[in-house]
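S.K.: Got a structure for you, questions after.
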Amino acid sequence: NSIPQISYASTAPELSDDRRYDFFSRVVPPDSFQAQAMVDIIRALGWTYISTIASEGSYGEKGVEAFTQLSKEAGGICIAQSLKIPHNPKLEDYDKAIAQLLETQNSRAVVIFASEEDIRGVLNATKRANQVGHFLWIGSDSWGAKSSPIHQLEDVAVGAVTILPKRSSIEGFDEYFTALTLENNRRNVWFAEFWEENFDCRLLSASKREDTSRKCTGQERIGIDSKYEQEGKVQFVIDAVYAMAHALHNMQRELCPDHPGVCPQMDSAEGKTLLKYIRNTSFNGSAGTSVVFNKNGDAPGRYDLFQFQMTNSSIPEYKVVGQWVETLQLRLEELQWPDGEQEVPISVCSLPCKTGERKKRVKGMPCCWHCELCDGYQYQYDETSCRLCAYNMRPNPNRTACQPIPIVKLEWHSPWAIIPVFLAMLGIIATIFVMATFVRYNDTPIVRASGRELSYVLLTGIFLCYIITFIMIAKPDVAVCAFRRIFLGLGMCISYAALLTKTNRIYRIFEQGKQTVTAPRFISPTSQIAITSSLICVQLLGVLVWFAVDPPNTIVDYDEQKTINPKLARGVLKCDITDLQIICSLGYSILLMVTCTIYAIKTRDVPEDFNEAKPIGFTMYTTCIVWLAFIPDFLWHGPLYIQTTTLTISMNLSASVALGMLYMPKVYIIIFHPELNVQKRKRSFKAVVTAATMSSRLSQKPNERPNGEAKTELCENPAADPMSK
């Protein structure tokens, strides 16, 4: 009533049929808004792998095109398949479409822009393929809340989410439309065709229907003799007419302010001018909502969101679950899904990778990937890449970060430590016992004949060889590392320096005795101690140089126990001493040992009762065998605990050999046969050497006497050793 009663029918600018259709479609929310609503729904449900089905034609193809474009812009949504239902489809066309959809099993969500007939065809094909409940349908407004597309296919449609433009039932329209008859609506040239379709009958005059023989009587009534439901777009048709009327009215007022009706300026206006007035129109529509157009000439998008659900009465029906008015408002808690699923079903190309796995994307499909475990010492840096942990780190259990590699050392309770410690304790007890025995019987002939001063020096070296076991197993720190450097070779050096001095003295005595009876120089106890001390000082001097060049320190070796499995990786706390440095530290002692062995070989013909020559020889032979077995095993570069155990056991064995062969026989005589620990008779150095020389010469005649059997009573008593004086 607010629009002046002016006839524009013959004078308004002409719009082509396409322009008229376009104008009506602008009043109805366009496909872009509908597609945007679908994209928002899919993202809200967490679906990323989608298929589409479209009816061939403007509606379906443009809808899918808009959806595809918007999904690309939004990101995170991939189109698995985009299928098209042809015009006049056959049954096998629908079956083929479903078969194609099943080729991408993970793409359960299907966006469908199709006519009612095609929707029914697709649902029927789904049922024939026995895939009820597999697909998750997202229906456009052609599906909306209609019952006809899903009639007798309700089980296939359960869970479908559909959208429909917000609309209201126009009051009075139902009364008007149901009252229309063939008699009172002759002005509508398509009404007769509608009548035949609605009542499934044929009119006698120029009927085009051939699929029925029933004749129309003209007495049928809409809503009584046929099913009637107000078309959802009635509101928009009315609003479109009013939008045109308002635009013409505004155009007339502006171009013809003083002229009633159409003026020449309005008469000559082009369609573009009228379109400008249409886009600037705004008014309250038939449903009470405002009708406006945006810069693109589109009416605002307002949609209701429905889901086809099973109700408490087990009768499925559409339920409003949200709305879309430029933004999505979806009530997720009200959604129901096929087969009674409580959680939102998934429709993704690839499941999320587990923690510690990276995504290896499939080329051309950003939503598809393969999961690859970050193996070895790698951790998951981000969702697509792994990085290597630092050398002193390893990945945590779920491989999301790095954590320090545990640091270990040789523990006292380890079997690799218990065995050498046990041997060392036995050796220390035995050494203390021998030393105590020698101190207790210090002035007895056997102790004096052994060379008391060098005996105590040798016992000290043996004691240190046992003590080094505890230093080698102790937790490394600067002090422990310093003691290791000092005592590692010191005990052996003291022991072999004393033995070398003894064997050298014996050798010189008997070598010179072959030529003269004059005693060689430097065979007194003081001289022997001085020679031994000078040999020991060489070792200490080397250690001092070592301290100056490379101060003692601790390190953590992460390479030794860096296993393939990071869970088993360990860092080994050790002193900053290389294998080469250990060999060098022991090298001087080994040199003394070899030299002593050479002298032991040279003095092998000395009478066996004279000044320990034979026991020293056996000691050195055995020690050489022990160290020949140790060196290859040590250079094998095995784990630290094996090297440490091998080294300490070798030193314990060396000390035990010397202790057992050189001192145990004497202790046995001192304790259990004291009657033998007496001085029979004293001899001068000249007599001793003469007798020993004669014995040596006699022992060189193998046909007469075996080696070592030539004895004289002058040599029977160990007290004959000049060192005992």
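Glycine residues also receive a Cβ, built from the backbone N, Cα and C atoms like all the rest.
Owing to the predicted nature of the structure, the values given are computational and were not obtained by experimental measurement.
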S.K.: Among 486-507, 530-551, indicate the range for which TrEMBL gives the feature transmembrane segment.
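M.R.: Residues 486-507 are the ones TrEMBL records as transmembrane segment.
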S.K.: With CB pairs under 8 Å as the measure, which of the listed stretches 416-442, 454-474, 580-601, 613-631 comes out on top against the transmembrane segment (651-673)?
M.R.: 416-442
S.K.: For the domain 'G-protein coupled receptors family 3 profile' (416-686), report the average pLDDT of the model, please.
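M.R.: On average, pLDDT over the domain 'G-protein coupled receptors family 3 profile' (416-686) sits at 85.
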